[in-house]
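Input: a single structure, listed below in structure tokens.
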Amino acid sequence: MTQKLNWTHIILLTSTPILAIYGCLTVPLQRNTFLLAVAWYFLTGFGITVGYHRYWSHRTYDAIWPFQFFLMLAGSGAVQGSIKWWSRDHRAHHRFTDTDKDPYSAHKGLLWAHMGWMLFMKEKKNHGKVDISDLNKDFIVNFQEKFYPLLSVFMSFILPTLICGYFFNDYAGGFFYVGMTRQVFLHHSTFCINSLAHYMGEHNFDDRRSPRDNWITALITFGEGYHNFHHEFPSDYRNAIQTLQYDPSKWIIYTLSLFGITYNLNQFSKNEIDKGRLQMQEKKITEAKSKLDWGVPIENLMKMTWIEFVKIQREEKKQWMVIDKVVYDVEKFMDHHPGGKGFLKSSIGREVTTSFNGGVYNHSRAARNLMTGLRIAIIQDDIPAAHISKEE
Ligand code: HEM
């Protein structure tokens, strides 16, 4: 069955860029209008990240109601749907990440995750269930839901057009630059959270799902680019946890908490965060180690008794020596031994653990790694004390 197109979204997402391009080609850009466009871009962007995302979708902090109202207005100007619609889908995205029930599953491709998902009506079977009872009880969320089209058009196009017209006598600039062009940039920068942030960067905390941490995505998305962290610790008000990482949304929430405007800022403990990070580092190290040659594993080595070792040694004149009950064939290494041929020659056919470990010279880790490539057998019985090397 083919999916039905969502014409409301298609018209919205195609008409804004067309109008933006038309405006850029026909209306001269004034300095003040440009500055307002940038300010409006950040205002409406933070409405999404500080408001829709970190406040309503994840409840990562509390805020006094006038600030909630302000965030609701700012987020409405981003034209990304109502808080309830946005947060419902976002909670489904977290609960069902990368599956068919994830509204913007990155497994369906970069373009799908970026905006493809909005161009089609959602199939009923893919409506992943999530709890939005808190949103249903939220006065500001319900108020916005009721008047969303009006609030959205007013905050996105009408208000900036009026401001530019009244203060800079530039109605056209207000509409085309602060309204349309800013809208297109904002849409695509925030859409990158669903697309790029699942494709570009590192899995610093878990690699079982697609979200990744990346500073470039963070720059584009008001700090939301540390997405692997966010999916692991979604109730944390931060996305970036290191001082020099770019997360202006976190900075705003934190700064406002100093004035009591936001409060109860949620943070996962450093202990839990470090656990995840170390587990990923361990995994990466194990993978890198598996690509190196560590010689025949001890458990796969041929087994022989001390008597067999001595016999083979005598009869076949092998250049073998024993260290810690492991037999090493040093024939090919003889000319390359940094300690000289003499020491190795005098050790042939002998048990030389003590000499190797300091009796003659306490070898480095490099030497111990190197010897794994020379081992050929293991002595399975006890070596008579008389044959064991002593301090020299
Ligand atoms: C499979 C066996 C052996 C391997 C792979 C090996 C490897 C090495 C390596 C890589 C070094 C350079 C320094 C270091 O990395 O520590 C070294 C130095 C040396 N080795 Fe060995 N070695 C082996 C056995 C022995 C034995 C049995 C003796 C003594 C009886 C010995 C005596 C020395 C001495 C005296 C030095 C020189 C230390 C110096 O002057 O800097 N090695 N060996």
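Cβ atoms are placed via backbone N, Cα and C, with glycine included.
Feature annotation from TrEMBL assigns domain 'Cytochrome b5 heme-binding' to 301-380. Predicted-model confidence for the domain 'Cytochrome b5 heme-binding' (301-380) is 95, expressed as mean pLDDT.
Under the heading transmembrane segment, TrEMBL lists 6-27 (among others).
Here TrEMBL flags 34-52 (among others) as transmembrane segment.
Same-chain residues lying 6 or more positions outside the transmembrane segment (64-86) and placing a CB less than 8 Å from one of its CB atoms are 12, 16, 40, 43-48, 50-52, 55-57, 132, 135-136, 140-145, 148, 151-152, 154-156, 159, 183, 186-187, 190, 256, 260-262. As annotated by TrEMBL, transmembrane segment applies to 64-86 (among others).
What TrEMBL records for 147-168 (among others) is transmembrane segment. Sequence-distant contacts of the transmembrane segment (147-168), counting only residues of its own chain at least 6 positions beyond either end whose CB sits under 8 Å from a CB of the stretch, comprise 30, 32-33, 36-37, 40, 44, 72-74, 76-79, 81-82, 174-175, 178-180, 182-183.
According to DSSP, the domain 'Cytochrome b5 heme-binding' (301-380) comprises 30 helix, 19 strand, 31 coil.
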